[in-house]
Amino acid sequence: MESGYGFRFSDDDVESASSLTVGERLCAAFLPFVAIAEAVFFALTDCLADLLPPSAAASRHRRSAASSYLAAVARKWNHQQRGRVGIGCTSLTLRQLARLADESRCFSVNEVEALFELYKKISCSIIDDGLIHKEELQLALFKTPSGQNLFLDRVFDLFDEKKNGVIEFDEFIHALSVFHPLAPLEDKINFAFRLYDLRQTGFIEREEVMQMVIAILSESDMKLSEELLEAIIDKTFEDADADRDGKINQQEWKEFVLRHPNLLKNMTLPYLRDITTVFPSFVFNTAVED
């Protein structure tokens, strides 16, 4: 198999157990800076898999299943929650929904309301307080509430804009709005840059890229040889590090992405725009106050 950068790799380099894992998405374009957003949102929706019959969950085709999967979750959720809001899962007023939609610059009021249902389910999975704690995000992403994971730490840190140790609903909406089809390209570029700027120095360094790629692959069924990883990162920095100082600054990153637009293809999730079409029951059956 050959990558977009001209690398060739064999079965010894890549060991894959299932289709469309995080690692396979990463290696589909075969660059370290790919497939983060889609992996995150698929994982967030996958946290609701226990609401579906096992046969349905086992037989779905992952890439095309997002919409039908969320619809099934919506029907099940509305049936279970009819007539009550749930402890710790507060309601929103129409004014609050409108404010969040306006601040997002992308989502409609109905889309914010629909995403509120997803947020409530995640935020009540362990600690029933209507806030997403790191353990709850880890359970959503990796099916386990414990363990160390660099990828989880970075995603949580980017979502937790107020740095108070939890993800509030306005932060949840703000972070997901970056992946909306109508979100400015500049926002997508900046989000991807911040994900890899582990030390928050304003630069992406080689070691940071290596750490993040290893963390992502460790949660998938794919393994790459150390030699191949080094070769990929060498080529990436050769292309992106224009001033050859061993790190990628924000301007270099922007120019790199604009030369390789496929790097951000998974930073746009079309079904975020269709979320109310997929499950309109969210709009009419949720606990929203006038």
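The backbone N, Cα and C atoms fix where each Cβ goes, and this holds for glycine too.
Over in Swiss-Prot, the protein carries these features:
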- 111-146: domain 'EF-hand 1' (DOMAIN)
- 147-182: domain 'EF-hand 2' (DOMAIN)
- 184-219: domain 'EF-hand 3' (DOMAIN)
- Ser220: site 'Involved in dimerization' (SITE)
- 228-263: domain 'EF-hand 4' (DOMAIN)
- Asp241, Asp243, Asp245, Lys247, Glu252: Ca(2+) binding site (BINDING)
Can you give me the residues near the recorded Ca(2+) site, meaning same chain, not Asp241, Asp243, Asp245, Lys247, Glu252 themselves, Cβ no more than 8 Å from the center of the site's Cβ atoms?
Phe203, Phe237, Ala240, Ala242, Arg244, Gly246, Ile248, Asn249
According to DSSP, which of helix, strand or coil covers Glu252 (Ca(2+) binding site)?
helix
Mind giving me a neighbour count for Asp243 (Ca(2+) binding site)? Other Cβ atoms within 10 Å of its Cβ, every protein chain shown.
10
For the domain 'EF-hand 2' (147-182), could you work out the same-chain residues 6 or more beyond its ends whose Cβ comes under 8 Å from its Cβ atoms?
37, 40-41, 92, 100, 103-107, 112, 115-116, 119, 123, 131-134, 137-138, 141, 188, 191, 194-195, 198, 211-212, 215-216, 218-219, 267-270, 272-273
Check the domain 'EF-hand 1' (111-146) for me and report the mean pLDDT.
86
Can you check which residue among the binding-site residues Asp241, Asp245 has the largest number of Cβ atoms within 10 Å of its own?
Asp241
